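Presented below is the structure to which this report refers.
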Amino acid sequence: MSNEQFTQYLEYLFRVRRLSAHTVSAYARDLNLFERWLQHAQRACARVTVSDMRLFVCELGRRGLSAASINRVLSVVRGFYVFAKKKHWCADNPARLVKNIKGPSKLPRFMFPPQAKAFYTLPSRTDILWQERDAALFAMLYSTGCRVSEIAALSLKDVHPHLSSAIVRGKGDRERTVFIAPFAQNFLHVYMQARAQRCARYASCTPALFVNQRGRSLSVRGIQYLVSRYVLLAQDVHALSPHAFRHSFASTLIRRGADVRVAQELLGHASVSTTQRYVHVTSEQLQDLYHRAHPRG
């Protein structure tokens, strides 16, 4: 096998599996690690053995990659070999029998509702330009649990006329409906008025829901920058990423009694096991559960 086969696999992911360009680029970087190792070890891809794959994993560890990063690379290589077998490029999948590396369990950061409220109301307490947009953006992230890429891709036509819901396109271009809570509807209504006034100044304005100061679509990187900027101003929120809004949304659903399958549907996860990572059991909940369930509690 050659570089051409890796390219075909990446094209398959993009055109058939319909993964985003960002995700395919990440796959390409991981495959590049494997390709470079093959060249260094003078191994033909079709003749790689399970022992070879274990040596590859050791090399990744020697380079300082975390357990999570090594497991991600392994997953990409496994997927490539599944594709390669279907194409009859190789007889077996040597990565299939290589176990994932165990590492420390690290859950994403999340906010409790009071912290989230303090964050999405923060723009109104600053002198930063376009407070209406930033407040609506943060409220939407927390209210819907959307991925940042999904929020960035939202257009005006995707939002219900009453601002009560929106149609988003998630991974694999799967569509789902997300619901916008009343508090977020209020922020969104104020922003939509400000947006119309600003866009009236330009000869043309993008149909994207969230736009920048020049009337162009607000990018994923732009949203990440805004969150990091406000984190510096927040009193009780530290090292927060945009994904924390999504994690907070899921955690709040579970704490308030939502079934994990419902959370899975709202989050747009293909597998319920992914959703279960978002389930937090706080010390207060454990204590409450103990008192209610234990006969001597």
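Keep in mind that glycine also has a Cβ here, set from the backbone N, Cα and C atoms.
Those TrEMBL annotations? Automatic predictions, nothing curated.
Noted in TrEMBL for the protein shown:
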DOMAIN    1-85  domain 'Core-binding (CB)'
DOMAIN    106-291  domain 'Tyr recombinase'
ACT_SITE  ARG147  active site
ACT_SITE  LYS171  active site
ACT_SITE  HIS243  active site
ACT_SITE  ARG246  active site
ACT_SITE  HIS269  active site
ACT_SITE  TYR278  active site, O-(3'-phospho-DNA)-tyrosine intermediate
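Using a 10 Å Cα-Cα cut-off from HIS243 (active site), the active-site residues that qualify among ARG147, LYS171, HIS269 are ARG147. Each residue in the domain 'Core-binding (CB)' (1-85) gets a DSSP state, and the totals come to 69 helix, 0 strand, 16 coil.
The secondary structure of ARG246 (active site), as reduced to three states from DSSP, is helical. Note on the active-site residues LYS171, ARG246, HIS269: the fewest other CB atoms within 10 A surround the CB of LYS171.
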